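See below for the structure under consideration.
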Ligand code: P6P
């Protein structure tokens, strides 16, 4: 049983035996993410003070302006994960292709791949709104001793061994799962330690918050339009409250605590939705399901979708189980 106020390090050690693969390695991997998140948090928290915001001048494969913090966060996570000699490959929203990590003994014995959105919601940085990091961890499927290949990354979400996010908000939290529930750790920046502040996080089965960019309403599928109108009708628990931060990690985190649904449907502007299957939707879906929530593309379980390319997009509906099922009902019937 996890104890509130336990440090993340104590929690990892206490629970590593519950991880069905060789213990120590995943712990080292989570620890490296913990360290990188601390370093990124330090920069995010002073973004307004130094000339580190504003576009870095490049654009990433998504065609989006790369904020300098995007580049910084990407570099930090890649450097930290590489140094720990546990991963054989990394895929990132900020990298066109996956990165092969040569193990220090050069014989590719490392077992894990990490897929990461190093700084999600980065367009919020300049206006001091919370942003996040999202990560997804798999065991490689190609033979040890060979360089990592694309098959190691194009795995269904149901093969994830761990997933989590860091939310750089009013406080910085690391929330993750290894398939045994979801636990949230809050950083005490004064001493650089994370403490178990939210043990066994669960989505309430129902909620009254819906999160969607209603500016795209006219472009949405009819089922989504009808579900939004359902949320706005004055009946029983409704109208619901609309809350949309424009930062997936923050909207997801609030909805997991209070109950709610997040939707990024397809539209004419985004015919497959905007969010990325491998390093946004799958990790958030793993966390959602481990917290008694649900995640679908409106028709199919996100974690059952067969990936075909590294940066593919999918429509994303995620949150309290009953709310997601109601939205799916509207999608089925329209
Ligand atoms: P829009 C941030 O760019 C992001 O990937 C998510 O964090 C966020 O929920 C969404 O896109 C916001 O997109 O089109 O509503 O601004």
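Quick reminder: no glycine exception, Cβ is built from N, Cα and C everywhere.
The Mg(2+) 1 binding site annotation in TrEMBL covers 93, 117, 119. The number of other CB atoms found within 10 A of the CB of residue 93 (Mg(2+) 1 binding site), across every protein chain shown, is 24.
Residue 120 (Mg(2+) 2 binding site) falls within a strand segment according to DSSP. Residues near residue 120 (Mg(2+) 2 binding site) in space but far in sequence (CB under 8 A, at least 6 apart, same chain), listed by position: 93, 131, 132, 133, 134, 247, 248, 249, 280. Annotated Mg(2+) 2 binding site per TrEMBL: 117, 120, 280, in sequence order.
As annotated by TrEMBL, substrate binding site applies to 120, 121, 122, 123, 213, 244, 274.
Feature annotation from TrEMBL assigns domain 'Fructose-1-6-bisphosphatase class I N-terminal' to 7-199.
Annotation source TrEMBL lists domain 'Fructose-1-6-bisphosphatase class 1 C-terminal' at 204-331.
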Are there any residues in the same chain, six or more apart in sequence, whose C-beta is under 8 angstroms from the C-beta of residue 117 (Mg(2+) 1 binding site), and if so which?
92, 93, 133, 134, 135, 276, 279, 280
Identify which of the following binding-site residues, namely 93, 121, 213, place a Cβ less than 6 Å away from any atom of ligand 1, and list them by sequence position.
121, 213
Least surrounded among the binding-site residues, given as 119, 244, 274, when other CB atoms within 10 Å are counted:
244
If the Mg(2+) 2 site is taken as the center of the Cβ atoms of 117, 120, 280, which further residues of that chain fall within 8 Å of it by their Cβ?
93, 121, 132, 133, 134, 248, 249, 275, 276, 279
Chain-internal residues near residue 213 (substrate binding site), provided their CB is under 8 angstroms and they sit 6+ positions away:
244, 246, 264
Run through the Cβ atoms and count how many others sit within 10 Å of the one on residue 121 (substrate binding site).
21
Quick check: in three-state DSSP terms, what is residue 280 (Mg(2+) 2 binding site)?
helix
